[in-house]
Every structure is written in structure tokens, then in C-alpha cells.
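**Q** One structure, pasted below without further comment.
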């Protein structure tokens with residue numbers, strides 16, 4: 001077992017050696033520009049890209065013609081939201097999303113607002129899921145797009161995308177999903193789920209950083225997005241720029257492996273995750289954040305009340321995890337995702353996200369449990385809030401000096 | 001962001017963690033910060049008849065820098081007169097612990113906690129509290 005242990009697989013994943021192996025020839029030997037249509041080098045590169053396009057499409061039940069390669073999920077989110085708004089603005093100017101979305105979606109929506117669009121940011125229920133009735137009530141004749149993520153990056157909850165898509169379609173709107181955390185981890189099928197646009201990223205599924213894709217539906221309906229970058233008209237005119245051939249080949253291979261191993265991996269990881277979660281929630285005053293029945297198999301977000309997340313992570317320096325606390329940010333604001341579940345600020349400050357992955361072993365999970373328990377106990381001994389809790393003092397009865 | 005060795009030292013081996021009898025008139029207690037903001041410090045001093053701080057204890061809910069700042073503060077307080085303790089400036093803590101700009105608020109909180117403890121002690125012993133500048137953050 002190597003220390004420190006990596007349990008931050010929602011931030012990024014290590015690349016699978018099989019992916020690296022597939023990529024290597026495309027740096028030095030098969031280095032051609034996939035857009036060079038008139039010689040061998042171009043054809044070889046194009047072949048690699050075409051094959052990757054099939055691999056990506058297969059994982060999400062799409063046709064290869066529906067895959068647009070990008071630099072990652074942030075670009076895919078931007079292209080989808082801004083591109084749909086520009087393309088369909090004559091039809092309507094209203095977009096619906098949710099408060100727990102990734103910043104790439106939220107900030108793209110804010111950009112749309114600056115361009116004169118209207119955006120509804122749906123609240124979520126206490127378990128992190130979108131309320132379908134609230135969604136339906138927000139739909140108008142002007143609504144052109146509903147953008148709701150598949151699986152949440154902080155708490156791992158899986159949204160009822162199929163139902164959300166059905167509501168969007170009922171009102172003539174398109175449905176887009178940021179599926180960055182879900183693709184490759186759980187079955188995602190654009191047709192079964194009714195998805196019109198989908199963003200995904202390679203580095204969240206053991207592929208390289210800097211490459212991703214946007215799925216854009218071609219049939220029923222044929223969806224178009226306005227390009228956000230001008231240039232050579234690559235990717236059916238939707239995304240110009242010389243293709244990142246090695247990266248794309250890596251993304252393809254990552255998708256292929258994920259497709260083959262997803263079922264067994266999901267079982268293995270959810271068992272490990274549940275083991276970790278049960279062992280840690282034995283600790284007094286610890287709470288799992290988000291819906292536990294509709295959740296990605298590899299994530300557990302747990303708040304340890306009366307200890308502060310960043311201080312806790314420091315005591316867990318043998319583990320690479322992340323916290324909803326933001327003591328370092330100028331605003332001192334804790335995670336907006338946790339806050340939108342209705343968590344009080346102090347519970348949000350006390351949260352730790354454990355993100356397991358393909359290379360996580362049971363031995364590592366057991367060690368993580370020990371380290372975390374020790375750290376929580378240590379910090380509670382230092383915590384005045386814990387002492388007050390133990391003495392039965394209601395913390396809400398104290399007049400805190402907000403600073 | 002990496003923590004300085006001194007922060008890590010205080011965090012790993014915090015000095016003077018604990019609780020003094022807050023009902024004693026010789027003990028001053030300062031409780032500053034708020035759970036919502038991610039840090040709460042409780043700092044206590046025990047003062048003898050010569051106005052010398054003979055003991056200091058703390059408990060802190062917060063990040064490593066907040067814990068280190070309060071641990072350091074208790075070290076500095078012990079043996080000081082109350083008047084000298086009043087002169088401890090947050091920038092002294094910043095310097096000693098090499099806190100980065102984003103962590104300066106931790107030192108401010110420690111200074112606030114010292115002053116709050118001293119004022120609690122003064123009020124308990126029939127003295128006027130010393131007027132404090134509004135917290136700088």
C-alpha cells in the first residue's frame with residue numbers, strides 16, 4: 001500500500017495504463033493531422049479518431065456521427081448551453097438548470113443571461129434531487145433547454161434524467177445533461193434516457209486530461225449548436241480546431257474499458273464505499289449528505305459535525321480527499337452544493353468527500369477508515385463546539401460574532 | 001497550499017489544549033468566531049493576584065492555521081502580565097507561523113480571542129472592559 005492514498009476520484013482519475021498504451025503511437029509515429037485528407041499520415045490519424053468516435057458513441061448508446069470532440073466537459077457544457085441559446089433564440093430565450101450544477105453549467109447560464117436570456121435555477125430537495133413538479137411548473141413556452149446534470153460531483157446523487165427529459169420534451173424543449181461524473185461509472189444511454197445533448201470528459205474515467213466530448217442528437221430531433229470557436233469548421237462545423245488525436249484515442253480507449261468493466265466495477269466500488277460509509281457513520285454525529293439510494297457507486301460525502309473540514313483534512317494527510325469547507329477562499333463560503341441541500345453552514349464546513357476509483361483497494365479503504373476516525377476524534381478533542389455539545393449546550397442559543 | 005513547518009508543529013502537537021473553570025473569577029474566557037464561518041476559538045487565561053497569566057488553555061474548531069494560531073497564543077500568554085498580553089498583535093502571529101494572506105483571518109481571530117478573554121476577566125473582577133476596535137474582517 002502506497003501512502004498517500006488517493007480518494008479524490010471525482011476530481012480526476014489516474015490514467016489507466018491500457019489507455020496510455022493506446023495513445024503512445026499517436027504522439028510520435030501516427031502524428032498526422034486528422035484533417036489532412038490527402039496523404040497517409042492524415043488518413044492514419046483520422047482512422048484513430050474515427051475508431052475513438054465509435055468507442056465513445058457505443059458507451060452512451062449513440063451513433064458515432066453524434067460525437068463532437070472537445071477539450072473537456074467544461075468546453076462541452078459551454079458549447080451546449082451557449083450554442084443552443086444562439087441556435088434556438090428565435091424559438092425562445094428560457095433555459096432551466098439547477099443550483100447544484102457544476103460551475104461550467106452555471107457560469108455558461110450566467111453568460112446567456114448577459115446575452116438577454118432568462119435562466120431558472122431550480123432548487124433541489126434535501127436529498128439533492130430535482131423536484132419534478134417544481135421543474136414542470138418552471139417550464140414555459142419560451143423554454144428551449146433544460147440542463148440537469150446526471151450525477152453530482154460533490155455528493156454523487158443521480159438525477160432522474162429520464163423523467164426530466166420527458167418533461168422537457170413535453171414542453172418542446174431540448175434536454176442536456178452534464179454527465180461528466182456518470183459516464184463510464186453507471187449505464188448511460190442517450191436514447192433510453194431521452195438525452196439531446198450530453199457532456200463528458202476523459203480524465204474522470206481513467207483517460208487523459210484535456211479531452212472530452214459533446215453528444216449532439218442527430219435524429220428525433222436533429223439538434224444543432226452554434227459554434228463557439230471560429231476556425232476550420234472541424235467536427236461538423238460545431239467545434240473548430242485541430243483534433244487532439246492522442247487525447248481522443250485515449251478517450252476512446254477509456255470508454256471501451258469502462259464499457260467492459262463498468263458492471264463489475266460498480267459492484268466492487270459500491271461494496272467498498274458502503275464499507276467505508278458504515279464504518280465512519282458509526283462515529284457520533286456523522287451524516288451522509290445526499291440521497292443514498294440514487295447515488296454513484298464510488299462516492300460518499302460525509303459531514304463530521306463539530307470539526308472543520310480543512311482542519312480535518314490536515315489530520316488526514318495520508319489521504320487525498322476533498323472538503324466542502326472553503327476556509328481558504330476569500331468569502332469563507334462553504335460548498336454551494338451542500339448549502340443548497342439545506343445543510344447549515346457549519347455542517348457544510350464539516351464535510352469530507354471520499355471518491356473511490358478503479359485502483360482503490362480494500363486495504364486502502366480500511367486504512368482510510370482508521371485514519372479518518374483517528375482524525376475526527378483528535379479534532380473533536382480540540383473542538384470547543386464538541387465540548388459544548390457534550391455538555392448539552394444548544395449551539396443555536398449562543399450569539400456568535402459573525403466575522 | 002502547503003502549511004509552514006511551524007503550523008504543522010502546532011497542529012500536530014497543539015500546546016495547552018483544554019478547559020479552565022470558567023466560573024472562577026481568576027479565569028477569563030474568550031469565545032470568538034462562528035460555526036457558520038468555519039472557525040470558533042475558545043481561549044482561556046488564569047490570572048494570579050499580581051496580574052500575571054499563570055495558565056492558558058484553548059480549544060478551536062477550524063482549519064490548521066486557526067488551531068496553530070490559538071495554540072501559539074496560549075504559549076505566548078503564559079507568564080505575561082495582562083497588560084502585556086493586551087499588546088499581542090495578530091501580525092506577530094502571522095509572522096511567527098508564516099501564514100499566507102488567505103489565513104490572516106485566523107491570526108485576527110486569535111488576537112480577538114485574547115482580548116475577549118482579558119475583558120471577561122476584567123469584567124468579572126469589577127473592571128471596565130477595554131474598548132476594542134471592531135474586528136478587522
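Here the Cβ of each residue, glycine as well, is placed from N, Cα and C on the backbone.
According to TrEMBL, the protein has these features:
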type	residues	note
DOMAIN	A:5-367	domain 'Aminotransferase class V'
BINDING	A:73, A:74, A:153, A:181, A:201, A:202, A:203, A:242	pyridoxal 5'-phosphate binding site
MOD_RES	A:204	N6-(pyridoxal phosphate)lysine
COILED	A:259-286	coiled coil
ACT_SITE	A:327	active site, cysteine persulfide intermediate
BINDING	A:327	[2Fe-2S] cluster binding site
**Q** When the pLDDT values for the coiled coil (A:259-286) are averaged, what is the result?
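**A** A mean pLDDT of 98 is what the model gives the coiled coil (A:259-286).
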**Q** Counting Cβ neighbours within 10 Å across all chains shown, tell me which of the recorded positions A:203, A:204 comes out on top.
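**A** Of A:203, A:204, the one with the most crowded Cβ is A:204.
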**Q** Mind checking which of A:74, A:181, A:201, A:242 has the fewest other CB atoms within 10 A of its CB? They're the binding-site residues.
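**A** Taking A:74, A:181, A:201, A:242 as the binding-site residues, the minimal 10 Å Cβ count falls on A:242.
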**Q** Let me make sure I understand the span of the pyridoxal 5'-phosphate site: among A:73, A:74, A:153, A:181, A:201, A:202, A:203, A:242, what is the greatest distance between any two Cα atoms, in Å?
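**A** It comes out at 30 Å between the most distant Cα atoms.
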**Q** DSSP on residue A:203 (pyridoxal 5'-phosphate binding site), three-state: which is it?
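**A** Where residue A:203 (pyridoxal 5'-phosphate binding site) sits, the three-state DSSP reduction gives helix.
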**Q** Inside 10 Å of the Cβ of residue A:202 (pyridoxal 5'-phosphate binding site), count up the other Cβ atoms and send me the figure.
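**A** Its Cβ has 33 other Cβ atoms within 10 Å.
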**Q** Work through the binding-site residues one by one (A:73, A:153) and point out the residue whose CB has the fewest other CB atoms within 10 angstroms.
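**A** Minimum Cβ neighbour count within 10 Å, taken over the binding-site residues A:73, A:153, occurs at A:153.
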**Q** Spatially, which candidate from the binding-site residues A:74, A:181, A:242 is nearest to residue A:204 (N6-(pyridoxal phosphate)lysine), comparing Cα atoms?
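**A** That would be A:181, the closest of A:74, A:181, A:242 to residue A:204 (N6-(pyridoxal phosphate)lysine).
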